[in-house]
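Engineer: Pasting in a structure now, in structure tokens, and then I'll have a few things to ask.
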Amino acid sequence: MKSNKIKYLGCFVGATKPDFMLGMVKTVVDYGATSFMFYSGPPQSFRRTPTAQFKLDLAKAYLAKHNLGDLGDNYVVHAPYLINLANGDSTKRERSFNFFLDELKRTNELGAKYFVLHPGSALNVKDKTQALDHLATELNRAISMTKDTIICLETMADKGQQICSKFEELRYVIDQISDKSRIGVCFDTCHVHDAGYDLAKTQELIDHFDQVIGLKYLYVIHLNDSKNPMGARKDRHANIGYGKIGFENLLNFIYHKEICNKIIILETPWIDDPIRGEVPLYKEEIEMIRNKKFVEGLVNEES
């Protein structure tokens, strides 16, 4: 299984001024990554910088110079956290929709094929089914007003009133989408583990996903370990191999023949380095994954 090759392996990078995407791809190259994910603006804010300032052409040229031209549009924009298309309050849902629609258009302008969306929470509704119906309705409306971008609904940890922690709920929404070429799934390993699915049973889990949802809808993997026991419903990411899922289980999953061709994105915690301050371990984690060898001592496991 681990003889399979992972093509798109990357991490979250920040879209910071003044270089925006050019700065992002420089970081990607430095990390040894072959894909990446970013927010097009602050995830907890409605403020946005025009996409014309993101230096997309320079970023594409930089990728080509470093032999990453085949990345093409296989990178990911993550939706801001303020969007909840499942809200039963029509005024709040409409505000979310307008922000969502703008983000979809920005994603297309920034050349990304995939847009990852947290499905939302069942607020101001009688039950989760009503929340799922609201989500499907708004997704269809947005898809009819945009083009190309594939919306990937993220598997959630079942924390609070979250929807789509169960594969069946994702399938319920997908079944209602008119243009199924525009809908997909982002599989978050921490969230799935925290929702009660067992990543130690790789083949069984993949088969179950395929039977309920269909592997053809799986486009993006968020690769995270978990600080919590399976089924905790808490959503606390851990660095790869330093959590309750474990290095070997995560490797067995991502090197599986049905998974290794997906876009795999690290979203793991940063560490507090006494010299460098707060820094990510993405470069080290990518090396561990490529080398298929766990490195101890990178994280203070008491933290």
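The backbone N, Cα and C atoms fix where each Cβ goes, and this holds for glycine too.
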Engineer: In Swiss-Prot, the residues Glu154, His222, Glu267 are said to bind Zn(2+) 2. Which of Asp127, Asp188, Asp194 is said to bind at that same site?
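Structural biologist: Record source Swiss-Prot; matching candidate: Asp188.
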Engineer: For the Zn(2+) 1 site that Swiss-Prot describes with His118, Glu154, which of these is also annotated: His66, His78, His208?
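Structural biologist: Among His66, His78, His208, only His78 appears alongside His118, Glu154 as Zn(2+) 1-binding in Swiss-Prot.
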Engineer: Among His191, His193, which residue shares the Zn(2+) 3 site with Asp235, His237 according to Swiss-Prot?
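Structural biologist: Between His191, His193, Swiss-Prot records just one in the Zn(2+) 3 site with Asp235, His237, namely His191.
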Engineer: I need the most crowded of these binding-site residues: Asp188, Asp235, Glu267. Count other C-beta atoms within 10 angstroms of each C-beta and give me the top one.
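Structural biologist: Answer returned by the neighbour count: Asp188.
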Engineer: Please give me the binding-site residues out of His118, Glu154, His222, Glu267 that lie within 10 Å of His191 (Zn(2+) 3 binding site), comparing Cα atoms only.
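Structural biologist: Matched binding-site residues: Glu154, His222, sequence order.
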Engineer: Hey, how far is Asp235 (Zn(2+) 3 binding site) from His118 (Zn(2+) 1 binding site), Cα to Cα, in Å?
Structural biologist: 13
Engineer: Per DSSP, to which secondary structure element type does His191 (Zn(2+) 3 binding site) belong, with helix, strand and coil as the options?
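Structural biologist: Looking at the DSSP assignment, His191 (Zn(2+) 3 binding site) belongs to a helix.
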